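Below: one structure, written as structure tokens.
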Amino acid sequence: MTLSFVTRWRDELPETYTALSPTPLNNARLIWHNTELANTLSIPSSLFKNGAGVWGGEALLPGMSPLAQVYSGHQFGVWAGQLGDGRGILLGEQLLADGTTMDWHLKGAGLTPYSRMGDGRAVLRSTIRESLASEAMHYLGIPTTRALSIVTSDSPVYRETAEPGAMLMRVAPSHLRFGHFEHFYYRRESEKVRQLADFAIRHYWSHLEDDEDKYRLWFSDVVARTASLIAQWQTVGFAHGVMNTDNMSLLGLTLDYGPFGFLDDYEPGFICNHSDHQGRYSFDNQPAVALWNLQRLAQTLSPFVAVDALNEALDSYQQVLLTHYGERMRQKLGFMTEQKEDNALLNELFSLMARERSDYTRTFRMLSLTEQHSAASPLRDEFIDRAAFDDWFARYRGRLQQDEVSDSERQQLMQSVNPALVLRNWLAQRAIEAAEKGDMTELHRLHEALRNPFSDRDDDYVSRPPDWGKRLEVSCSS
């Protein structure tokens, strides 16, 4: 089958990119590809059998027109000016059978005009982390970019130490970022901001294109998508780590996996990025940061959208987030109805977990085994203060009984929203260390496991992290 590519970005937004081709690595070789995703995108299996090829930037497919995008942004709350694709190249936009498109973005593809002081490369460590994280999030049901392939090489790339150079093929319906809009707003080119908005509406919100109120309705939906995404992050214990405005997806996708982390111990102020000295991007601050970022996006639209309309959309953020978060947390607790004491029960559980540094994922998974008429629970052994747990658990079981639902029905619901497996940093690190020694077995094994996060397991993927894995420090270097 021949793949079809279109050039919408190149043709419609000529001042937002520089056209250039990838720079291949030395002795590049394909070490992993996403068979399921490739099948979904109708990619011929033969493309994965002829060396690095397009996956390593050594060849382009017919119709591809590679380019690096320019954007700007606020980093850690400070205006950083022009940024852009410093090591990534958008190879093309694949036209799918249903008329939608999928960006093929090659990360680690070499120097671009936006590389600044960087070398345009990515290392094997970071490409493995992003591939694992994006696929883990996808199978958790959270909107995200996807990973299609990883190529490693003999080219050394220097970070804290010399590491193998690598490339990741990332795919997404769009790589539109808040930072694209900021770039032209701060250059006082508001007409180009409007062109970006028109491009987004034309291709991703086409049902609004002929509405005279299209910009307000479109921005309201961007706010809603962002609020929904952040709510989902919070419910699974995901910390992004670097929520700069240039890392915010207009479509509400999880974008740019760097120093991310899933909670091990329940620690509301968890900071996964060791460069985040002030805790701006801590786990519990993510909802506030996302709103701040939306306010920066709204500012770029203010030359052609009424400020009252923008503020009205921003004002809806908290309620949308709380609604999504509340619905999912009630499901995680097994509540079939909404009762006034639900928030208090949840907050008391969180307080107990924080005091005891309970494992976030294991706690909710084990809670899924609760029988409403039995005081026995395997979760009890996870707590030192048994009396405090017993008190909470008795009131929790009383709440379950109000719903008049069988244990089996409720347990089935809870196990469908409380994963047994999340991508803990130590699991990724183990796969990385093996891959750096040339053994890809654990990389493939972990990828396969992450496809079924809600299935029961009895292996070390669902055990508590070892001592060495609890406080792994992760940086932005990639």
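Cβ atoms here come from the backbone N, Cα and C positions, even for glycine.
Annotation source Swiss-Prot lists ATP binding site at Gly84, Gly86, Arg87, Lys107, Asp119, Gly120, Arg170, Arg177, Asp256. Here Asp256 (ATP binding site) comes close to Val242, Asn247: these same-chain residues lie at least six apart in sequence, with C-beta atoms under 8 angstroms from its C-beta.
In sequence order, Tyr71, Ser72, Gly73, His74, Gln75, Ala80, Leu83, Arg177, Phe178, Gly179, Glu182 make up the list of same-chain residues 6 or more apart from Asp246 (active site, proton acceptor) whose Cβ falls under 8 Å from its Cβ. Per Swiss-Prot, active site, proton acceptor is recorded for Asp246.
Swiss-Prot lists Asn247, Asp256 with the feature Mg(2+) binding site, giving sequence analysis as the kind of evidence.
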Structural state of Asp246 (active site, proton acceptor), classified by DSSP into three states: helix
Count of other CB atoms lying within 10 Å of the CB belonging to Arg170 (ATP binding site): 25
Cβ-Cβ neighbours of Arg87 (ATP binding site) (radius 10 Å): 21
